[in-house]
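Engineer: Got a structure for you, questions after.
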């Protein structure tokens, strides 16, 4: 099996794991929050991250992956930013209507595209933009109902969108820049995320629910669903880092909207949630957008792979021919400021990863 086929199988596996685990935890948390009255979402998320870190620590002890330390400032900043984005999303849901919160989630994709275009010089073809527009339209039809605006909620939503986009972009760029796996990054950043939410969680939950998480009556049923939610969260957190590392932040957001549609469908089938023609139409349009997006991504990936395969023999031939090599070398000297060919290559080939320094606060 070739490396390309292994990568495709790994990507499909990561996407499947992300969908199954995310839908499972949503159904579990819905039973925990709606049925049993445990409404402390931020505190619950901090427990998720603590259990994830403990599970990864056991996996490290069993030598299931290798610990690879890298820039501690980048890890700390990334972990704290992730924790802040989760808290802001919960606050956005608390201070806004459900419809406006769904609009906030929809805004993450265009914001991510804008940030990657401005700061990473990443180009999105018109076909990709068209498919994303269809997707967002479908999800909007299916999920957005009322749009009640208020100043505080709008500010919180804006901050939530920005921090979430930056955190997801950092997930992708850190893995590639420092050459760490999703497991290694998650293991090192989990403590910072967990501490951030563990400290702020009870305060935020108290602000949103007017209840004290420590005064809640923990029955055996509540404890069972909390433990189950924490166990599923290990798979959710791992698959999130895995998907973003193998694909891109935009693809992860597309996958997230697929999960939203699946949750709506499962809620109607299993929990008998209210469902109407608007939900059905929106889900159908969103699925069409996802299929079109996946098709265009696959086509563009194959085109890039074929272009790379055709360029490699030409480069090898140019290395063998001293006249061609001399011509290429003179071009690099003029671009690199007269230092040498290697400097020219570095400056022209890797502008993206140099810009990652902005995130190492």
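Along the chain as shown, the residues are counted starting at 1.
Backbone N, Cα and C atoms are what each Cβ position is placed from, and that goes for glycine too.
Curation plays no part in TrEMBL annotations; they are all automatic predictions.
Feature list, courtesy of TrEMBL:
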- 21-294: domain 'Sugar phosphate transporter' (DOMAIN)
- 12-33: transmembrane segment (TRANSMEM)
- 45-62: transmembrane segment (TRANSMEM)
- 74-93: transmembrane segment (TRANSMEM)
- 127-145: transmembrane segment (TRANSMEM)
- 151-170: transmembrane segment (TRANSMEM)
- 222-244: transmembrane segment (TRANSMEM)
- 278-296: transmembrane segment (TRANSMEM)
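In the displayed structure, how are the listed features positioned relative to their neighbours?
Structural biologist: Packing against the transmembrane segment (45-62) from elsewhere in the chain are residues 86, 90, 183, 186-187, 190-191, 193-194, 197-198, 201, 226, 229-231, 233-234, 236-238: each is 6 or more residues past its ends and has a CB under 8 Å from a CB in it.
Same-chain neighbours of the transmembrane segment (127-145): 97-99, 102-103, 106, 109-110, 113, 250, 254, 257, 260-261, 264, 278-279, 281-290, 292-293, 295-297, 300, counting only residues six or more beyond its ends whose CB sits under 8 Å from a CB of the stretch.
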Engineer: Mind checking which residues of the chain, 6+ beyond the ends of the transmembrane segment (222-244), have their Cβ under 8 Å from one of its Cβ atoms?
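Structural biologist: Residues 14-15, 17-18, 21-22, 24-25, 28-29, 31-32, 36, 38, 44, 47-49, 51-52, 55, 168, 171-172, 175, 182-183, 185-186, 190, 216, 251-252, 255.
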